[in-house]
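Feature annotation from TrEMBL assigns FMN binding site to Asp59, Thr103, His152, Tyr156, Ser227. Positions annotated as domain 'Luciferase-like' by TrEMBL: 21-390.
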Amino acid sequence: MSTSKRQMRLGAFIMATGHHIAAWRHPEAQADAGLNIDHYRELAQTAERGKFDLVFVADSPAGWDRAKDPEALRRTAQGAHFEPLTLWAALSQVTKHIGFVATASTTYEDPYLLARRFASLDYISKGRAAWNVVTTGADVSKNFSISGHPAHADRYERAEEFVDLVKGLWDSYEDDAFIRDKESGVYLDPDKVHLVDHKGKFFSVAGPLNVGRPVQGYPVIVQAGASEPGRELAARTAEMIFTANQTFEDAQEFYSDVKGRLARNGRRPDELLISPGIFPVLGGTEAEAQANYDHIQSLVHPSIAWNILARLYKGIDLSGYSLDDPAPPLPENTELNKSRLKLVSDLVSRNNLTLRQFYLAVATARGHRTVVGTPEQIADAMQSWFENGAADAFNIMPPILPTALTDFVDQVVPILRKRGLFRHEYEGTTLRENLGLQRPPNGFVVQAGQQQVQAAV
Ligand SMILES: Cc1cc2nc3c(=O)[nH]c(=O)nc-3n(C[C@H](O)[C@H](O)[C@H](O)COP(=O)(O)O)c2cc1C
């Protein structure tokens, strides 16, 4: 094995029954997956067997709205699943190496409580926790006793303050604050406990946190928004960025744009890993892969198709259209998930899609890159982005679970290894070590050191 060659990182992006919107109807799917811990245990262990860096679940603090479309609700498996941190805490006990990325919203969470939960997960998993920082595109305000969904710019302003505050709270205790000397009766060095004492635009928090400094210093910070303020937030604070790109050109533009923002924040390009999603539809031959793709697409019920379109064409009446009409231009919406709307708009205009082709394109992986082919072709598709400035890592988005993850691990991972692109063994014990990321120093200690240097000159 070549160890000097740059290595690809792999994440298993898990959507209960699979990423395809109709996955739960497939004969191989675990239909009750969202609330089945044995299913998730199998997935985490399969990903670990494949030496994946991490498993990841997306999340939004809201269920499907029955009033909006009861027929679609009747036919979707996406409305009921576990809360991510609870799920990962359980699965960290039946795995040893794999990292756990949990999504949590800076718009709808509280910084103190969130800092505490992620620090706890980092201890419970022995250094394998990561936080996917999202600002939540969808309006879920009705679940939170507030009058409305904050505007895009406000959500990002709050996110900036939120992430800094959480990091400050994680620094409440220096790494060697706990002495725990039974003989002398000294448990803790109070000089190594710090108050964040934060008073900002959105939050007022004293500290300290009631958990020690996380095993990794900070759990790994992941970010998944790709709008202008999303990219800025990532360039300043994130260590991995999840993204959706359809074409190589878009992926390359995103990659170089985000990497180009790092130096301005005093960071090196390798301090932020870029991980686009890929939805692989495998087959032993090209024809078999295409047949697998056609089969799963045939499972999309018409009411789900119209629901997908209605959500994309918010505010536009589609009742006069048939599925074989050309897709009209999408409305501009500047407040929700900006980057994804742009991506699907480009998809329609680039390919002159009909409404049917459009919903089928989105049903697979909501705009992420879909590759239909043999294991070699999937590996080729990954290698070309990895080696040409478009990706450091990939979020593998199995269409059907559990089988498509098992197939990827058994059929694609060996090819990536043979090409020297992916590890044979984990390099370290924490997620940071495996991703090749530094353990951050305690901000209070760094600040005190700087003050001492200033006093000395
Ligand atoms: C791979 C990936 C995963 C994402 N997961 C979530 C998620 O779990 N919850 C969520 O609210 N947004 C998720 N997003 C979207 C956003 O992170 C984002 O917070 C938001 O919708 C605004 O995005 P924007 O900066 O592109 O406008 C995800 C995006 C990507 C690319």
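Here the Cβ of each residue, glycine as well, is placed from N, Cα and C on the backbone.
Values in this document were obtained by computation on a predicted structure and should not be read as measured data.
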Just to be sure I understand the contacts, which binding-site residues have a Cβ under 6 angstroms from any atom of ligand 1? Candidates are Asp59, Thr103, Tyr156, Ser227. Asp59, Thr103, Ser227
Please give the greatest C-alpha separation between any two of the FMN-binding residues Asp59, Thr103, His152, Tyr156, Ser227, in angstrom, as a whole number. 19
Relative to the Cβ position of Ser227 (FMN binding site), how many further Cβ atoms are located within 10 Å? 20
Taking the Cβ of Asp59 (FMN binding site) as reference, which residues of that chain separated by at least 6 in sequence fall under 8 Å from it? Glu83, Pro84, Ala102, Thr103, Ala104, Ser105
Please report the number of other Cβ atoms within 10 Å of the Cβ of His152 (FMN binding site). 21
